[in-house]
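Report on the following structure.
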Amino acid sequence: MRLHVADHPLITHKLTVLRDQRTSSPVFRQLTEELVTLLAYEATRNVRVAPIEIQTPVTTTTGVRIDEPRPLVVPILRAGLGMLEGMVKLIPTAEVGFLGMVRDHETLEPSTYAERLPDDLSDRQCFVLDPMLATGGSLGAAIEFLFQRGAQDVTAICILGAPEGVAAIEKQVDGRDVTLVLGALDERLNEKGYIVPGLGDAGDRLYGTV
Ligand code: PRP
Ligand code: URA
């Protein structure tokens, strides 16, 4: 597994505001979107492109376009939905699949309540979006879903990760082609499975308590 942890003052600045408990939902949503776009820059470093020829007003030249089959972006509901717009802004031609997952507050085990993915993901570059990588249960289950459909190339973008979650994903992917891009790698999980220092419950902060 390749791990990339962002190291940029603009990202740290936006993360600081995101973490602050006084930050309102509208600002939290806006910052989440902006952070994803910045992280997506790194996460799409190996996106497949095909050469094309174009005509500028001055001459003919070569460039590239995003190659077929189109990349698949998969937000993990609910909180991952807050990252979708920031990602598709950068790759407007991407297709979008959905996975709904919730982790049990007591056991911290994830369960899947929704799934809308293409049947065959072989040859598709997949980008999974989930703001929080805590125990790694939810992201691990999502990655497993994609591999079972034939995916071979999965990149996950998380705003924050805990060392426990990174270790869990590393163990699970076991040499398969997975890249993990984090906005920051935090200190640890607390006894309730929350990331410390973290930002609290990402879904609640984006959408309120439901
Ligand atoms: C949060 C978060 C991740 C998961 C991370 O979702 O968005 O999906 O927890 O925890 P894990 O690494 O221990 O699995 P939650 O289950 O709270 O659902 P929500 O997105 O609907 O709020
Ligand atoms: N899910 C969240 O939303 N926040 C955490 O800190 C851990 C899991």
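Here, residue 1 is simply the first one shown, and the rest follow in order.
Every residue, even glycine, has its Cβ placed from backbone N, Cα and C.
According to TrEMBL, the features are:
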BINDING   Arg78, Arg103, Asp130, Pro131, Met132, Leu133, Ala134, Thr135, Gly136, Gly137, Ser138, Asp201  5-phospho-alpha-D-ribose 1-diphosphate binding site
BINDING   Ile195, Gly200, Asp201, Ala202  uracil binding site
DOMAIN    5-209  domain 'Phosphoribosyltransferase'
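Met132 are the binding-site residues among Met132, Ile195, Gly200 whose C-beta comes within less than 6 Å of an atom of ligand 1, given in sequence order. Taking the Cβ of Ala202 (uracil binding site) as centre and 10 Å as the limit, one finds 25 other Cβ atoms among all the protein chains shown. For the binding-site residues given as Asp130, Asp201, the lowest number of other CB atoms within 10 Å of the residue's CB is seen at Asp201. Among the binding-site residues Arg78, Ala134, Gly136, Ser138, residues whose Cβ is positioned under 6 Å from ligand 2 are identified as Ala134. Candidate binding-site residues: Ile195, Asp201, Ala202. Nearest to Asp130 (5-phospho-alpha-D-ribose 1-diphosphate binding site) by Cα distance: Ala202.
Mapped onto three states, the DSSP output places Ser138 (5-phospho-alpha-D-ribose 1-diphosphate binding site) in helix. It is 11 Å from the Cα atom of Asp201 (uracil binding site) to that of Ala134 (5-phospho-alpha-D-ribose 1-diphosphate binding site). Residue pairs drawn from Arg78, Arg103, Asp130, Pro131, Met132, Leu133, Ala134, Thr135, Gly136, Gly137, Ser138, Asp201, the listed 5-phospho-alpha-D-ribose 1-diphosphate binders, are separated by up to 17 Å at the Cα level. In terms of Cα spacing, the binding-site residues Arg78, Met132, Ala134, Ser138 that come within 10 Å of Ile195 (uracil binding site) are Met132, Ala134. Residues near Ser138 (5-phospho-alpha-D-ribose 1-diphosphate binding site) in space but far in sequence (CB under 8 A, at least 6 apart, same chain), listed by position: Ile76, Met101, Arg103, Pro110, Asp130. Packing around Ala134 (5-phospho-alpha-D-ribose 1-diphosphate binding site) is summarised by its Cβ count: 26 other Cβ atoms lie within 10 angstroms of its Cβ, all protein chains included. Fewest Cβ neighbours within 10 Å among the binding-site residues Gly136, Gly200: this applies to Gly200. Around Met132 (5-phospho-alpha-D-ribose 1-diphosphate binding site), the same-chain residues at least 6 positions away in sequence with a Cβ under 8 Å from its Cβ are Ala79, Cys158, Ile159, Leu160, Gly161, Ile195, Gly198, Ala202.
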